[in-house]
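> Submitted below is the structure of interest, expressed as structure tokens.
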Amino acid sequence: MPPPTVPTATPSAFHNDIKCPALDKESSITYLDLDFETKLYLPLTKSPLGEASPKVKAPKLDRYVRPSEWSSARKNTMLCIACVATIFASFAASAYSPGAEQMAEEFHVSHVAVMVGITSFNMGFAIAPMALAPFSEVRGRKPVFLASGIVFLVCNICCAVTPTYAGMLISRFFAGVGSSTFSTMVGGLVADIYHARDRNLPMALFSGAAVLGVGLGPLLAGFIAQGTTWRWIFHVQTVVIGVVLALMAVRFRESREDVILRSKAQALNHWYESREQVGLFDHYHSPSTTPPQRIRWKIETGAVSAPLRKQVAVSLTRPFCLLFTDAVVFFFSLWAAFSWSVLYICLSSIPLVFGQTHGFEPAQSNAVFASSCIGCLVATALATVQEDLTRKFLRTTVKNEPETRLYGSCLQGPLLPIGLFMFGWTSYPSIHWMVPTIAIGVATMGILSIYLAVFNYLADVYGTSASSAIAAQSFCRNALGGVFPLVTTQMYKAMTTGGASSFLGGFAALLSFVPWVLVFYGKRFREARSVYSK
């Protein structure tokens, strides 16, 4: 009678009572494909060296489990750490501006020149994921997270101590490079560890963290700069980044399925080799149908088996291919890039508009940033329940398609142009300052709905290539977001607050049709045009 199969692939659970023909080192090796459903059997014969032969310790395979089957505690721990990292990646981008006046005075440059530090950071933030995100899909998430986190930490320290303007710009660029993975790759991490049906809540928390950090940066950094100096803005970030990085090193587990399988295959093959050194050559793949064999496991990953040079080439080109050849990624990137740029413009215009219109001091203007944070929190709370509401009220007509992720943005996306028009045409001395402040929160709610729709949709559609698709839209989003703060003051002075906000609101209104188009035609686009989609 053949030994029973073991669904958990735990060596201690294998049966080992059957006597089988012996093999030797001259026997051929059979290479078999390994996946998470492969049933494993313990090699069954005794060593010809006798009972005194050394025992070879079997590997513990319980660590090589499909990430989507991890415990809720492990998933939630990783999600919380990743969201905190995301908050401070966005925080680092926007927290720079409250110290700009002090920096300009110390470095003897203009205010506009100092603001190039935001552009420099965003350029690094935009460019790095185009290589790092797809590389993580080949080599694993955790090493990329930790390596980039160290770069972020070191460069943030350099920002805090640099005595020169040039040193600040260089440090900011590489700080953007290091922090970029905490935005773009977290979406891929969520796609790795959560089933599609359970993904809305973690994606909502991640998206909320990214938008919250942008508003939280100038809010807290403004008070830090006012109470101490601009250098403490970076010192505080350094402490938090160090703590988050330590938690990642201890609590994070690798989440890429093919990387986990490759490690499992290596552990099993090393065990087999160790057994063969003491004379144990025969292993079972399927005792009921095959005789004992010399076995080695392999996994089907063409990207990993390719030379390193080809892996790097794929990493560098895949996001650009998605961006310029895939209509879904292109229009989503345009939509997300514009909304993100509007967020930067709104936040950059707050000191100007409220200072000129309502006579706010810098400390009072800093408090207005709380509106963006509140709007983000409200939108995140709505996002966590919107999918359940959609299923409840439309369950007779809604199919389990990625386009169902867009229903929330179809309804909430118009909050962005509404908030922009409201901000532009209520920023007058005769109208209470709370009205344009509320408008900023309304616009932020619209931006978050767009951000969440983009991440959810790309994760569902592009599966294992989700990080590359997200990196493509992140490139557009952060490239534009880094340029607009340089022209915000000139634009609002030349066009007035009402004109500039209406100009942006008009574009936002046009782009609010993007989710509607994809709801009706998205599946057709995916099937006809998208090479990388599932």
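In case you wondered, yes, glycine gets a Cβ from its N, Cα and C as well.
As annotated in TrEMBL:
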TRANSMEM  76-97  transmembrane segment
DOMAIN    78-524  domain 'Major facilitator superfamily (MFS) profile'
TRANSMEM  109-132  transmembrane segment
TRANSMEM  144-166  transmembrane segment
TRANSMEM  172-191  transmembrane segment
TRANSMEM  203-226  transmembrane segment
TRANSMEM  232-252  transmembrane segment
TRANSMEM  328-354  transmembrane segment
TRANSMEM  366-385  transmembrane segment
TRANSMEM  406-425  transmembrane segment
TRANSMEM  431-454  transmembrane segment
TRANSMEM  500-521  transmembrane segment
> Count the Cβ pairs between the transmembrane segment (366-385) and the transmembrane segment (203-226) that lie under 8 angstroms and are 6 or more residues apart in sequence, then report whether there are at least 3.
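Contact between the transmembrane segment (366-385) and the transmembrane segment (203-226): present.
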> Within this structure, do the transmembrane segment (232-252) and the transmembrane segment (328-354) have 3 or more Cβ pairs under 8 angstroms, counting pairs 6 or more apart in sequence?
no
> What is the pLDDT of the domain 'Major facilitator superfamily (MFS) profile' (78-524) when averaged and given as a whole number?
85
